[in-house]
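Copied from Swiss-Prot, the annotated features are:
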- T19, E20: Ca(2+) 1 binding site (BINDING)
- E20, D23, D25: Ca(2+) 2 binding site (BINDING)
- H34, D41: Zn(2+) binding site (BINDING)
Amino acid sequence: NSLAISVMNQWPGVKLRVTEGWDEDGHHFEESLHYEGRAVDITTSDRDKSKYG
């Protein structure tokens, strides 16, 4: 929640989105933590890539 709140405070009206938390399709490298359910891919709701670090 703290990351989502930080996003909303930095950019009012923008929300944090989790796009993938478990990789079933093999899109990540072989040793990725996505295969253990210990990693997530995230974006912002406006999908503005200039906000990504």
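Including glycine, each Cβ sits where the backbone N, Cα and C put it.
Taking every protein chain shown into account, E20, D23, D25, D41 are the binding-site residues, and of these the Cβ with the most other Cβ atoms within 10 Å belongs to D23. Distance from the CA of D41 (Zn(2+) binding site) to the CA of D25 (Ca(2+) 2 binding site) is 14 Å. Taking the Cα of H34 (Zn(2+) binding site) as the reference point, the closest of the binding-site residues T19, E20, D23 is D23.
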